[in-house]
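Asks: In case it's useful when we look at the structure, here is the feature table from TrEMBL:
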type: SIGNAL; residues: 1-17; note: signal peptide
type: TRANSMEM; residues: 68-94; note: transmembrane segment
type: TRANSMEM; residues: 114-136; note: transmembrane segment
type: TRANSMEM; residues: 143-164; note: transmembrane segment
type: TRANSMEM; residues: 229-245; note: transmembrane segment
type: TRANSMEM; residues: 257-275; note: transmembrane segment
Amino acid sequence: MFSLGSWLPALPGLAWGWALLDALLQGLVGACAVSVLCSLLKVYLYIQCANNPERQAEKEAMAARRPLLEPLHVLVLTAALALVGSRVAALVVLEFSLRAVSTILSLGKGAHSSQLYLLCQYSLGCGVSCGLSFLLEGAPHRTWNLALAAGLAGLLALHARRLARHVCALYELHSRQRYCGVCILLLAAGHGIPRLLRNALAITFAVADLAAVELINRDFLSTGEAMRFWTPLTICYTLLVVYMQEESRQSTGRGSAFRTVVVRMGGLFILLLTVGRWTDILHVFVSLLGELWCLLRSGVLLESCCRQVRGGHRRATPG
């Protein structure tokens with residue numbers, strides 16, 4: 001069958017160009033996945049605020065129009081995911097998976113889940129990129145497959161963004177007048193959005209974790225070499241999880257989220273100084289910028305989730 005570039009001469013620079021194109025397409029798919037996550041979470045949080053008269057300020061902040069910010073967010077995140085190497089991306093995925101399991105087991109279900117969805121943005125992008133890298137490794141038409149995936153992901157992200165805009169502009173009017181089928185559906189079943197996101201993220205990270213372990217292990221020539229890498233990694237991640245659990249109990253808010261990102265990336269940086277390569281160090285800095293960018297972009301949503309958590313704590317505390 002026809003393959004993109006099969007009629008072109010095999011030049012080293014041309015092969016590098018195709019690799020860069022593949023990396024950009026993988027990054028675009030991951031960025032679109034993050035965009036869908038944020039749009040659906042924005043819909044859910046807006047509905048919660050619209051139904052609560054005490055949260056009108058949050059609702060107005062979410063409804064503010066920023067037409068250029070979303071495309072810029074996708075472009076920046078695409079570049080970050082394309083630059084970060086598969087090794088560091090795999091480590092980010094494994095670290096978040098361990099942290100998410102620990103958080104769910106210790107805190108249970110509830111308001112904390114929405115905040116966890118926002119904190120997983122960059123990890124989700126890395127997970128999608130790792131999954132695609134592993135599933136399409138050695139595929140004869142890899143570039144075409146990635147282009148198709150990017151196109152479908154872009155359409156899904158566009159429709160999710162339009163849904164969020166529609167809800168922020170017309171949900172209250174349509175839900176009162178029973179005029180719009182979409183708003184009526186959200187009025188009846190909008191509370192199920194977190195469950196939908198939880199199931200989708202569970203599947204995505206399950207595939208990403210398997211891909212991440214395989215991508216890391218393929219760099220080792222022996223079991224002993226692999227053990228010299230996995231042993232300090234396990235210790236480092238265990239200490240990080242313990243620290244972040246204690247941090248989440250003591251404080252909530254944007255400041256706590258930013259401190260957690262710096263501590264996580266700092267721990268990964270120190271680990272890779274001993275068992276990594278110099279390119280891994282560069283990719284850790286790229287990951288730090290990507291994490292901070294995602295948190296800055298979703299600042300309004302994160303603050304709404306933190307207020308929801310604080311409100312749940314006050315209701316749970318007697319007197």
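Cβ atoms here come from the backbone N, Cα and C positions, even for glycine.
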Asks: Mind checking which residues of the chain, 6+ beyond the ends of the transmembrane segment (68-94), have their Cβ under 8 Å from one of its Cβ atoms?
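Replies: Long-range Cβ neighbours of the transmembrane segment (68-94): 20, 23-24, 26-28, 30-32, 34-35, 122-123, 125-127, 129-130, 133, 157, 161, 205, 208-209, 211-213, 215-216, 219, 233, 237, 268, 272, 276-277, 279-280, 283-284, 286-287, 289-290, 293-294, 297.
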Asks: Taking a Cβ cut-off under 8 Å, which residues six or more beyond the ends of the transmembrane segment (257-275) line up next to it in the same chain?
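Replies: Same-chain contacts beyond the flanks: 88, 91-92, 95, 119, 228-229, 232-233, 236, 239-240, 243-244, 247, 281, 284, 287-288, 291-292, 295, 302.
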Asks: Can you name the far-off residues of the same chain, 6+ from the ends of the transmembrane segment (114-136), with a Cβ under 8 Å from a Cβ of it?
Replies: 26-27, 29-31, 33-34, 37-38, 41, 44-45, 77, 80-81, 84, 86, 89-90, 92-93, 95-96, 100, 103-104, 142, 145-146, 149, 194, 197, 201, 204-205, 207-212, 214-215, 252, 257, 260, 287, 290-291, 294-295, 298, 301-302, 305-306, 308-309
